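**Student:** Let me give you the structure first, and then I'll get to my questions.
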Amino acid sequence: MPHSSTFTSCELKGDGPFTIFVPHADLMTNLSQDELARIRAHQQLVFRYHVVGCRQLRSQDLLEEGYVTTLSGHPLRFSEREGSIYLNDFARVVSSDHQAVNGILHFIDRVLLPPDVLHWEPDAARTPPRNVTAAAESFGYKIFSNLLTASGLLPLLQDASHRPFTMLWPTDSALRALSPDRQAWLYHEDHRGKLAAILRGHIIRNVEALASDLPNLGQLRTMYGTPISFSCSRARPGELTVGEDDARIVQRHLPFVGGLAYGIDQLLEPPGLGARCDSFETRPLWLEVCSICGREPPCPEGSREQGSPQLCWRYLTKYWMSPTLYPLGLHSIWAHPQRRARGCHRNCVTTTWKPSCCPGHYGSECRACPGGASHPCSGHGVCMDGMSGNGHCWCHPGFAGTACELCAPGAFGPSCQACRCTSHGQCDEGLGGFGSCFCEEGWTGPRCEVQLELQPVCAPACAPQAVCRAGNNCECSLGYEGDGRTCTVADLCQDGHGGCSEHANCSQVGTVVSCACLPDYEGDGWSCRARNPCEDGHRGGCSEHAVCLSTGPNARRCVCHAGYVGDGLHCVEEPEPPVDRCLSQPPPCHVDAVCTDLHFQEKRAGVFHLQATSGPYGLNFSEAEAACRAQGAVLASLPQLSAAQQLGFHRCLVGWLANGSAGHPVVFPEADCGAGQVGVVSLGTQENLSQRWDAYCYRMQDVACRCRDGFVGDGTSTCNGKLLDVLAATANFSIFYGMLLDYANATPRGLDFLDFLDDELTYKTLFVPVNEGFVDNMTLSGPDLELHASNATFLSANASHGTSLPSHLGLSLVFSDVGPDNSSQAPVAPWTVVVSHVVVWDIMAFNGIIHALASPLLAPPQHRAVVAPEAPPVAAGVGGVVAAGALLGLVAGAVYLRARSKATGFGFSIFQAEDDADDDFSPWQEGTSPTLVSVPNPVFGTHDAFCEPFDDSLLEEDFPDTQRILAVK
């Protein structure tokens, strides 16, 4: 058999069916060099131009159809001339109807070149690979390219795990054909999420499908999750359609980096997303106030003025004060007999966003009307569309069916025109009928309106399903086939599926065909559309905290709302709140505290929902109270729950409230949640407190503050470290702290004493004199310093007259009551030092407790002599400290903030630590050093004494040996 080896392709390995036009091999040698160059440059395109998919077309079929669409997407036209069939009036069929396994072949005498190849310039540069947006723009899909970018889907298309892609690109003309309202809604920045979902319904992952394979791929799934399929069009052989909306593929094999695209003539609508055409609606705003013309008040906030002010009547009181006299301070009152006068008010309008469905869509979800969005009611009726519509089709006269897809009884043809048969004839009715009249025996005429004078006689007799005609002819009745003597029922379900929908089962009893939609579809059988389980009135079984998304026929996907987690069937609130209040500014806890957010759910005015560990409805009233207490809360009151409801708190679970009442908050009206009402559904006070429900708790406090390990305090305002940390961080202890450092720097014993104070394993008591207690350049010796410490714990609660405490020096510290004038003295026993006038008790530290003294303690001279060889004086560094104290006094005077006079005795003045204090002052402590804390600042006597915190530079200057001392340690 003559053939051509020039055109071979793996695209013909599929099931087909195909119709292939093969250039005769003997004629291939007649091609010019230019034609050969064009064919070699576009071999695949030229091959596809010679193949028609979807049908096996014989010679007679080619002439009957007239036009076909090839695999390349280009049309071919057939005509007959001089007994031969011609393609595009150019190539002649020389041998036809050669049957193959998956198609039929026709041999032609010319090579067909599509327009793209004919207009190709041999010297044109080869097009480099392009990304999806660049490729879409170059092929003329500029709007879709822009939408891909705006929707944020480009990272998804760049993910190699999803490649290769098969994409469907709506043409620019299809997108421009959308109504202005639909375009405005689709392109609005507030609807980027919906736009991305719609575009994902145009993307198929992990497949690069060729046009030859599309009809045989079956059901695929888009990246939105909806099923999608391709089918052969009934309108023209070789033409392909997409989905159930019959979108046509208008351009094929558009390559880009990562996949292949096809142009389509409409925007697809994934189930469940609907088609919104929201619009802005301008409404006049009625103003009750009528003012003096020219002095009208402005339009209320949220509205704007439109046009000129309007006239109105303003009503006057009996007396009127002249406004022109107000600035002069005059109060003349004129009598005004007129009760009303002409005035003006501004013409104010307010603009609101009005949600609405696009034409051909109905319901709250804007679902497509029966027959599809592009042809509502099949173009033969009016759909009750809009958000308040029910999608019912009111069919035009002559049409019937759910989608007006059928002819009514007594109508025939594509236009469903009325039959004209008389009662003695049966009309060949229906969309495929021709309107001819099948007359009863003994009647004739185009309308069976003429009765024969002589009844025809047939021998042998006709079949029971036939009638006898003149000339001994028998004719089978409508719905039967045969020669009249024998008539059998025509298998109408085999022929065109009986006119039933492709998503329906066809059954036949006698000549009557019945159509029933498949379980996953709904309709009258002649027209079936995918069943949407999300419209069953129960959200498709999804959780009340989830959205139900239709993903195909009787299929749905449940997605939890933001702030909830789960599989969609069960959604619970995220364990972490959307905003961690511990991260708020200023922080609610001390810098050295651990902050814990006490709300495990999103804050709703302090109200949160609580369930038993066993699940819903597991708490009686007392257990509900205990469960709330365990969370640091109490049962919420009805007003508290109402406040939370107004902030958007929504639950369909009954819970206990304070005072033994029960209820739940409703924000979204639903039939099975509050009977469609919005507010707090209250069951009132319950007599039976043993009933088991959930609980609604109320908690004022948002966070819990706990000082981290190594610190003590309330966690909110105070977290103190070790004793030395508190000294370093408290400005009013700076002189004493400086002397400690000098002592440690001067002698080994001093270093041991510093180690003793820094040891965190033993709890000790330290008496610290405030800076104001060091008068006349006073200095302390080593024994004096050690006298201020004790390895015993002593609190203010233990203090009484004569109480004794052992000091680190070995002497006993005895407490004495002190009068208001600080003059009384207690008898002093040997080896005893009196402690009096403690100005601040119980400053907690991690390894001890500090009591602030009005003045330093001094060891007895005899004790100083005993330990003097081991404790040389530390006055060398004290002068600098005292000088620093004097300098600090000058600074305090310059930045004088506030002084408070006190009566006889002492008072306290609170100061705030420097925000930018350098924490390196306590480098021996691992981790971050504590910031300066606020402590009472004593004021002595009847005069005002004032001291401010130290500046960082001053501290470093006064204590230059700190780093060296600690390095030795």
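Glycine is no exception: its Cβ is also placed from the backbone N, Cα and C atoms.
TrEMBL lists 1-112, 128-268, 720-857 with the feature domain 'FAS1'. What TrEMBL lists as domain 'EGF-like' is 367-405, 412-449, 454-488, 530-572. Taken from TrEMBL, the feature disulfide bond covers C395-C404, C439-C448, C458-C468, C628-C697, C652-C673. If you look up TrEMBL, you'll see 874-897 marked as transmembrane segment.
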**Student:** Decide whether the stretches the domain 'FAS1' (128-268) and the domain 'EGF-like' (530-572) have at least 3 CB pairs under 8 angstroms, with pairs required to be 6 or more apart in sequence.
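**Tutor:** With 3 or more qualifying Cβ pairs, these stretches touch.
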**Student:** To the nearest whole angstrom, state the Cα distance for the pair C673 (disulfide bond) and C439 (disulfide bond).
**Tutor:** 63
**Student:** Among the disulfide-bonded residues C404, C439, whose Cβ has the fewest other Cβ atoms within 10 Å?
**Tutor:** C439
**Student:** Provide the number of Cβ atoms within 10 Å of the Cβ of C652 (disulfide bond), excluding the reference atom itself.
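**Tutor:** Excluding its own Cβ, C652 (disulfide bond) sees 16 Cβ atoms within 10 Å.
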**Student:** On the 0 to 100 pLDDT scale, where does the domain 'EGF-like' (530-572) sit on average?
**Tutor:** 80
**Student:** If you draw a 10 Å sphere on the Cβ of C395 (disulfide bond), how many other Cβ atoms land inside?
**Tutor:** 21
**Student:** Within its own chain, what residues at least 6 apart in sequence put their Cβ under 8 Å from the Cβ of C697 (disulfide bond), listed in sequence order?
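**Tutor:** Those within reach of C697 (disulfide bond), by Cβ under 8 Å and sequence separation of 6 or more, are V607, F608, H609, L610, A627, C628, Q631, A633, V634, L635, A636.
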**Student:** What's the CA-CA gap between C652 (disulfide bond) and C404 (disulfide bond) in angstrom, rounded?
**Tutor:** 42
**Student:** In the domain 'EGF-like' (530-572), how many residues does DSSP call helix, how many strand, and how many coil?
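**Tutor:** With helix first, then strand, then coil, the domain 'EGF-like' (530-572) has 6 helix, 19 strand, 18 coil.
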**Student:** What counts of helix, strand and coil residues does DSSP assign across the domain 'FAS1' (1-112)?
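**Tutor:** Secondary-structure composition of the domain 'FAS1' (1-112): 31 helix, 38 strand, 43 coil.
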**Student:** Would you list the DSSP helix, strand and coil counts for the residues of the domain 'FAS1' (128-268)?
**Tutor:** 52 helix, 36 strand, 53 coil
**Student:** Counting Cβ atoms within 10 Å across all protein chains shown, which of the disulfide-bonded residues C468, C628, C673 comes out on top?
**Tutor:** C628
**Student:** Distance between C395 (disulfide bond) and C448 (disulfide bond) at the Cα atoms, whole Å?
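**Tutor:** About 29 Å separate the Cα atoms of these two residues.
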**Student:** Looking at the disulfide-bonded residues C404, C458, C468, which has the shortest Cα distance to C439 (disulfide bond)?
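**Tutor:** The smallest Cα gap between C439 (disulfide bond) and any of the disulfide-bonded residues is with C468.
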**Student:** To the nearest Å, how far is the Cα of C458 (disulfide bond) from the Cα of C448 (disulfide bond)?
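**Tutor:** The separation of the Cα atoms works out to 20 Å.
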**Student:** Per DSSP, how many helix, strand and coil residues does the domain 'FAS1' (720-857) have?
**Tutor:** 46 helix, 34 strand, 58 coil
**Student:** Can you check which residues sit near C448 (disulfide bond), meaning Cβ under 8 Å from its Cβ, same chain, 6 or more apart in sequence, and list them in order?
**Tutor:** C421, T422, H424, G425, C437, F438, C439, E440
